[in-house]
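What Swiss-Prot annotates here:
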type	residues	note
BINDING	Asn9, Trp10, Lys11, Gly172, Ser212, Gly233, Gly234	substrate binding site
ACT_SITE	His94	active site, electrophile
ACT_SITE	Glu166	active site, proton acceptor
Amino acid sequence: MRGYFIAGNWKMHKTCAEAVALAQELVRELRGGPHTYMIAPSFTALDAVGKVLRGSNVLLGAQDVSSEEWGAHTGEVSVLQLEDLGVQVVIVGHSERRHGRGENDKLINQKVRRVLESGLRVILCVGERLQEYEAGCTNEVVGTQVRAGMADVCGSLMHNVTVAYEPVWAIGTGKTATPAQANAVHAHIRSVVREMYGAAIAEALCIQYGGSMKAENARALLAEEHIDGGLIGGASLEAASFVPIARSV
(Lines of atoms letter the chains of each structure in order from A and count residues from 1; the text may use other names and numbers.)
(Lines give C-alpha, C1' and ligand atoms only; values in the text may rest on other atoms or scores of the structure.)
Protein backbone atom coordinates (compact mmCIF):
# COMPACT_ATOMS: atom_id res chain seq x y z
CA MET A 1 0.00 0.00 0.00
CA ARG A 2 1.26 3.48 -0.91
CA GLY A 3 1.93 5.81 2.00
CA TYR A 4 1.48 9.58 1.97
CA PHE A 5 4.44 11.83 1.14
CA ILE A 6 4.00 15.44 2.30
CA ALA A 7 6.78 17.74 1.07
CA GLY A 8 7.45 21.45 1.50
CA ASN A 9 9.28 23.45 -1.17
CA TRP A 10 10.44 26.70 0.42
CA LYS A 11 11.69 28.14 -2.88
CA MET A 12 13.71 31.38 -2.49
CA HIS A 13 12.33 32.21 0.95
CA LYS A 14 13.82 32.29 4.45
CA THR A 15 17.21 33.38 5.72
CA CYS A 16 19.34 30.62 7.16
CA ALA A 17 18.26 31.53 10.69
CA GLU A 18 14.58 31.60 9.70
CA ALA A 19 14.92 28.25 7.95
CA VAL A 20 16.51 26.67 11.02
CA ALA A 21 13.75 28.01 13.28
CA LEU A 22 11.00 26.65 11.02
CA ALA A 23 12.76 23.29 10.69
CA GLN A 24 13.01 23.00 14.46
CA GLU A 25 9.29 23.71 14.81
CA LEU A 26 8.37 21.15 12.16
CA VAL A 27 10.54 18.46 13.74
CA ARG A 28 8.67 19.00 17.01
CA GLU A 29 5.23 19.06 15.41
CA LEU A 30 5.72 16.10 13.06
CA ARG A 31 7.58 13.83 15.48
CA GLY A 32 5.99 10.39 15.41
CA GLY A 33 3.80 11.21 12.42
CA PRO A 34 2.71 8.22 10.31
CA HIS A 35 3.67 9.57 6.89
CA THR A 36 6.80 10.58 4.96
CA TYR A 37 7.70 14.27 5.32
CA MET A 38 10.27 16.44 3.55
CA ILE A 39 11.32 20.07 3.47
CA ALA A 40 13.46 21.67 0.78
CA PRO A 41 15.11 24.92 1.90
CA SER A 42 17.33 27.11 -0.26
CA PHE A 43 20.82 25.81 -1.02
CA THR A 44 22.27 28.31 1.46
CA ALA A 45 20.35 26.74 4.34
CA LEU A 46 20.78 23.06 3.47
CA ASP A 47 23.69 22.42 5.81
CA ALA A 48 22.13 24.15 8.82
CA VAL A 49 18.67 22.69 8.27
CA GLY A 50 20.16 19.25 7.67
CA LYS A 51 21.70 19.34 11.13
CA VAL A 52 18.28 20.10 12.62
CA LEU A 53 16.64 17.24 10.73
CA ARG A 54 19.28 14.66 11.56
CA GLY A 55 17.69 11.77 13.43
CA SER A 56 14.15 13.04 12.81
CA ASN A 57 11.38 11.70 10.58
CA VAL A 58 11.63 14.72 8.25
CA LEU A 59 13.73 14.25 5.12
CA LEU A 60 16.07 16.91 3.73
CA GLY A 61 15.28 17.92 0.16
CA ALA A 62 17.00 20.09 -2.43
CA GLN A 63 15.11 22.23 -4.92
CA ASP A 64 17.29 21.50 -7.95
CA VAL A 65 20.59 19.93 -9.00
CA SER A 66 23.09 20.18 -11.82
CA SER A 67 22.96 17.69 -14.67
CA GLU A 68 26.76 17.61 -14.50
CA GLU A 69 28.64 15.36 -12.13
CA TRP A 70 31.52 17.67 -11.19
CA GLY A 71 33.94 20.29 -12.44
CA ALA A 72 34.02 23.72 -14.06
CA HIS A 73 30.32 24.63 -14.03
CA THR A 74 30.01 28.05 -12.42
CA GLY A 75 26.95 28.46 -10.23
CA GLU A 76 25.95 24.80 -10.40
CA VAL A 77 25.54 22.40 -7.47
CA SER A 78 26.25 18.72 -8.06
CA VAL A 79 24.43 15.73 -6.63
CA LEU A 80 27.67 14.73 -4.91
CA GLN A 81 27.72 18.06 -3.08
CA LEU A 82 24.07 17.68 -2.09
CA GLU A 83 24.69 14.17 -0.83
CA ASP A 84 27.64 15.46 1.18
CA LEU A 85 25.24 17.83 2.98
CA GLY A 86 22.87 15.00 3.83
CA VAL A 87 20.26 15.67 1.15
CA GLN A 88 18.00 12.66 0.63
CA VAL A 89 15.53 13.90 -1.99
CA VAL A 90 15.93 16.23 -4.99
CA ILE A 91 13.15 18.11 -6.79
CA VAL A 92 13.64 18.12 -10.57
CA GLY A 93 11.65 19.78 -13.35
CA HIS A 94 9.61 22.15 -11.20
CA SER A 95 7.38 24.40 -13.31
CA GLU A 96 9.41 27.42 -12.24
CA ARG A 97 12.49 25.73 -13.72
CA ARG A 98 10.74 24.48 -16.86
CA HIS A 99 8.95 27.71 -17.72
CA GLY A 100 10.91 30.30 -15.76
CA ARG A 101 14.39 29.06 -16.59
CA GLY A 102 13.82 27.27 -19.89
CA GLU A 103 14.65 23.75 -18.76
CA ASN A 104 13.60 21.18 -21.35
CA ASP A 105 12.73 17.50 -21.07
CA LYS A 106 16.22 16.38 -22.11
CA LEU A 107 17.93 18.38 -19.36
CA ILE A 108 15.35 17.29 -16.80
CA ASN A 109 15.91 13.65 -17.72
CA GLN A 110 19.67 14.09 -17.31
CA LYS A 111 19.07 15.47 -13.82
CA VAL A 112 16.66 12.67 -12.91
CA ARG A 113 19.17 10.03 -13.95
CA ARG A 114 22.01 11.81 -12.18
CA VAL A 115 20.05 11.83 -8.91
CA LEU A 116 18.94 8.21 -9.16
CA GLU A 117 22.39 6.95 -10.09
CA SER A 118 23.70 8.57 -6.91
CA GLY A 119 21.22 6.59 -4.81
CA LEU A 120 19.10 9.59 -3.80
CA ARG A 121 15.36 9.97 -4.28
CA VAL A 122 13.89 12.27 -6.93
CA ILE A 123 10.62 14.16 -7.24
CA LEU A 124 9.91 14.63 -10.96
CA CYS A 125 7.51 17.53 -11.51
CA VAL A 126 5.14 17.54 -14.49
CA GLY A 127 2.19 19.70 -15.45
CA GLU A 128 0.45 21.71 -18.13
CA ARG A 129 0.16 25.47 -18.59
CA LEU A 130 -3.12 27.37 -18.87
CA GLN A 131 -3.23 27.41 -22.67
CA GLU A 132 -2.54 23.66 -22.78
CA TYR A 133 -5.26 23.00 -20.23
CA GLU A 134 -7.79 25.15 -22.12
CA ALA A 135 -6.89 23.35 -25.37
CA GLY A 136 -7.65 19.98 -23.76
CA CYS A 137 -4.04 18.82 -24.02
CA THR A 138 -3.47 17.94 -20.37
CA ASN A 139 -2.97 14.19 -20.78
CA GLU A 140 -0.80 14.62 -23.86
CA VAL A 141 1.48 17.20 -22.21
CA VAL A 142 1.77 15.39 -18.89
CA GLY A 143 2.27 12.00 -20.54
CA THR A 144 5.08 13.38 -22.70
CA GLN A 145 6.79 14.91 -19.67
CA VAL A 146 6.56 11.65 -17.71
CA ARG A 147 7.93 9.54 -20.57
CA ALA A 148 10.74 11.98 -21.31
CA GLY A 149 11.62 12.55 -17.66
CA MET A 150 11.94 8.82 -16.99
CA ALA A 151 13.64 7.90 -20.27
CA ASP A 152 16.40 5.32 -19.73
CA VAL A 153 15.56 5.01 -16.02
CA CYS A 154 15.91 1.38 -14.97
CA GLY A 155 12.87 -0.17 -13.33
CA SER A 156 15.02 -1.22 -10.39
CA LEU A 157 15.43 2.48 -9.51
CA MET A 158 11.75 3.39 -9.68
CA HIS A 159 11.27 2.86 -5.94
CA ASN A 160 13.22 6.12 -5.55
CA VAL A 161 10.96 8.09 -7.93
CA THR A 162 8.03 10.29 -6.93
CA VAL A 163 6.04 12.22 -9.53
CA ALA A 164 4.48 15.57 -8.59
CA TYR A 165 1.64 16.86 -10.76
CA GLU A 166 1.64 20.67 -10.94
CA PRO A 167 -1.25 22.11 -12.94
CA VAL A 168 0.51 25.38 -13.70
CA TRP A 169 -2.82 26.97 -14.63
CA ALA A 170 -4.06 26.47 -11.06
CA ILE A 171 -1.14 28.20 -9.37
CA GLY A 172 -1.70 31.88 -8.66
CA THR A 173 -4.32 32.29 -11.39
CA GLY A 174 -7.52 32.18 -9.37
CA LYS A 175 -8.45 28.93 -11.13
CA THR A 176 -8.52 25.68 -9.20
CA ALA A 177 -8.45 21.99 -10.01
CA THR A 178 -11.14 20.00 -8.25
CA PRO A 179 -10.07 16.84 -6.42
CA ALA A 180 -11.73 14.80 -9.17
CA GLN A 181 -9.86 16.69 -11.91
CA ALA A 182 -6.55 16.25 -10.13
CA ASN A 183 -7.22 12.57 -9.49
CA ALA A 184 -7.98 11.97 -13.16
CA VAL A 185 -4.59 13.34 -14.18
CA HIS A 186 -2.87 11.32 -11.45
CA ALA A 187 -4.61 8.21 -12.79
CA HIS A 188 -3.33 9.04 -16.27
CA ILE A 189 0.22 9.43 -14.94
CA ARG A 190 -0.08 6.02 -13.31
CA SER A 191 -1.31 4.51 -16.57
CA VAL A 192 1.68 5.95 -18.44
CA VAL A 193 4.05 4.46 -15.87
CA ARG A 194 2.17 1.15 -16.15
CA GLU A 195 2.86 1.13 -19.89
CA MET A 196 6.54 1.84 -19.25
CA TYR A 197 7.27 -0.38 -16.26
CA GLY A 198 4.32 -2.68 -15.59
CA ALA A 199 1.52 -2.78 -13.06
CA ALA A 200 3.53 -3.46 -9.90
CA ILE A 201 5.78 -0.41 -10.28
CA ALA A 202 2.88 1.80 -11.37
CA GLU A 203 0.74 0.85 -8.39
CA ALA A 204 3.64 1.47 -5.99
CA LEU A 205 4.46 4.89 -7.46
CA CYS A 206 3.83 7.88 -5.19
CA ILE A 207 2.16 10.74 -7.08
CA GLN A 208 1.97 14.07 -5.27
CA TYR A 209 -0.32 16.98 -6.07
CA GLY A 210 1.38 20.35 -6.45
CA GLY A 211 -1.42 22.72 -7.38
CA SER A 212 -1.73 25.07 -4.40
CA MET A 213 -2.54 22.49 -1.73
CA LYS A 214 -3.68 24.16 1.48
CA ALA A 215 -5.18 23.07 4.78
CA GLU A 216 -8.62 23.93 3.39
CA ASN A 217 -8.42 21.51 0.44
CA ALA A 218 -5.83 18.95 1.55
CA ARG A 219 -8.22 16.44 3.08
CA ALA A 220 -10.45 16.31 -0.01
CA LEU A 221 -7.48 16.02 -2.37
CA LEU A 222 -5.71 13.35 -0.35
CA ALA A 223 -8.91 11.30 -0.12
CA GLU A 224 -8.71 10.65 -3.86
CA GLU A 225 -7.47 7.22 -4.95
CA HIS A 226 -4.43 8.31 -6.95
CA ILE A 227 -3.28 11.34 -4.90
CA ASP A 228 -0.53 10.16 -2.56
CA GLY A 229 0.71 13.40 -1.06
CA GLY A 230 1.51 17.01 -1.78
CA LEU A 231 4.40 19.13 -3.00
CA ILE A 232 3.52 22.30 -1.15
CA GLY A 233 4.89 25.78 -1.80
CA GLY A 234 3.45 28.82 -0.02
CA ALA A 235 1.63 26.84 2.65
CA SER A 236 4.91 25.18 3.68
CA LEU A 237 6.50 28.46 4.77
CA GLU A 238 4.82 28.48 8.17
CA ALA A 239 4.25 25.59 10.55
CA ALA A 240 0.73 26.90 11.19
CA SER A 241 -0.23 26.21 7.56
CA PHE A 242 1.99 23.19 6.78
CA VAL A 243 1.34 21.02 9.83
CA PRO A 244 -2.46 20.91 9.33
CA ILE A 245 -1.86 19.58 5.81
CA ALA A 246 0.49 16.93 7.15
CA ARG A 247 -2.11 15.96 9.75
CA SER A 248 -5.08 15.96 7.38
CA VAL A 249 -4.65 12.24 6.62
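The backbone N, Cα and C atoms fix where each Cβ goes, glycine too.
Predicted, not measured: the structure shown is a model, and the values here were computed from it.
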Cβ-Cβ distance under 8 Å to the residue listed as 'active site, proton acceptor', same chain, at least six residues away: His94, Ser95, Cys125, Val126, Gly127, Gly210, Gly211, Leu231
Sparsest-packed of the listed recorded positions (Lys11, His94) - C-beta count within 10 angstroms: Lys11
Sparsest-packed of the listed binding-site residues (Gly233, Gly234) - C-beta count within 10 angstroms: Gly234
Residue, out of the binding-site residues Asn9, Ser212, whose Cβ gathers the largest set of other Cβ atoms within 10 Å: Asn9
